[in-house]
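Participant: These came from TrEMBL, pasted as-is:
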type: DOMAIN; residues: 9-197; note: domain 'Thiamine phosphate synthase/TenI'
type: BINDING; residues: Gln40, Leu41, Arg42, Asp43, Lys44, Asp69, Ser107, Lys143; note: 4-amino-2-methyl-5-(diphosphooxymethyl)pyrimidine binding site
type: BINDING; residues: Asp70, Asp88; note: Mg(2+) binding site
Amino acid sequence: MADELDLSIYLVTDPELGGGPDKVADIVAEAVAGGVTVVQLRDKQATDEQVAERARELQARIDVPLFIDDRLAVAKELGIHLHIGQSDVPYVEARRALPPHLKIGLSAASREQVDAVVEQCAAAQVPLPNLIGIGPVFTTTTKKDAPQACGVEHLDDIARYARSKGIASVAIGGINAQRAPEVAATGVDGLCVVSDIMAAADPRAAAAALVQAWTEVRR
């Protein structure tokens, strides 16, 4: 389990929602000041060099764990945690490429996907993912290729199933402060948000509202 990570409020960046790549670091810094506990740098349009530059800037400005989305080479070069989807580099390959202290998150939307990675890890004799991202919980337009929303009941089932295998989880997809309490009442270890913070007029306040919603249920 990712016990040493506080996954409660996990921000995934989106430069389009944030008004451009140059504004992402400022938004993230404000969000962390408001209570974000983990940040994932995601920018599908940028080159590896651009992602590395932006990751270095974030490393210099925030004091919470940083993940990079789908850039294994950059994660390895900079010593940053990695997040991968089902269609990205295979999990076992990524785990073997990174040193043990770097964590890997994996998108997983079903028991079958959890079982698949557990079986792959057993066969390859590598550690399990540190966490999975489950979703989308609600309908979202942030990811153009997102599957159909799974709903809170399915989320709870997958989160508890993953935990039984020793894997932590965060919920993602259409989550905001209003929906946070019902998500926090499930078996997940945190709320993963994109637009609710990246598109907010006040990212610090948006993050603080999520923290309050989470802690009121989980304290």
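From the backbone N, Cα and C atoms, a Cβ is placed for every residue, glycine too.
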Participant: Quick one: what's DSSP say for Arg42 (4-amino-2-methyl-5-(diphosphooxymethyl)pyrimidine binding site), helix, strand or coil?
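Facilitator: Reduced to three states, the DSSP call for Arg42 (4-amino-2-methyl-5-(diphosphooxymethyl)pyrimidine binding site) is coil.
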Participant: I'm trying to understand the geometry here, so how far is the Cα atom of Asp69 (4-amino-2-methyl-5-(diphosphooxymethyl)pyrimidine binding site) from the Cα atom of Asp88 (Mg(2+) binding site), in Å to the nearest whole number?
Facilitator: 9
Participant: If you skip the near sequence neighbours and keep only those at least six away, which residues in the chain come within under 8 angstroms of Gln40 (4-amino-2-methyl-5-(diphosphooxymethyl)pyrimidine binding site), Cβ to Cβ?
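Facilitator: Listed in sequence order: Tyr10, Leu11, Val12, Thr13, Leu66, Phe67, Ile68, Asp69, His83, Gly105, Cys192.
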Participant: Whole-number answer please: how many Å between the C-alpha atoms of Leu41 (4-amino-2-methyl-5-(diphosphooxymethyl)pyrimidine binding site) and Asp70 (Mg(2+) binding site)?
Facilitator: 10
Participant: Including all protein chains displayed, how many Cβ atoms other than that of Ser107 (4-amino-2-methyl-5-(diphosphooxymethyl)pyrimidine binding site) lie within 10 Å of its Cβ?
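Facilitator: Other Cβ atoms within 10 Å of Ser107 (4-amino-2-methyl-5-(diphosphooxymethyl)pyrimidine binding site): 18.
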Participant: Please list, in sequence order, the residues in the chain of Asp88 (Mg(2+) binding site) that are at least six apart in sequence and whose C-beta is under 8 Å away from its C-beta.
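Facilitator: Residues satisfying the criterion: Asp70.
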Participant: Please work out the number of neighbouring Cβ atoms within 10 Å of the Cβ of Leu41 (4-amino-2-methyl-5-(diphosphooxymethyl)pyrimidine binding site), leaving out its own Cβ.
Facilitator: 28
Participant: How many other Cβ atoms are found within 10 Å of the Cβ atom of Arg42 (4-amino-2-methyl-5-(diphosphooxymethyl)pyrimidine binding site), counting all protein chains shown?
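Facilitator: Taking every protein chain into account, the count is 22.
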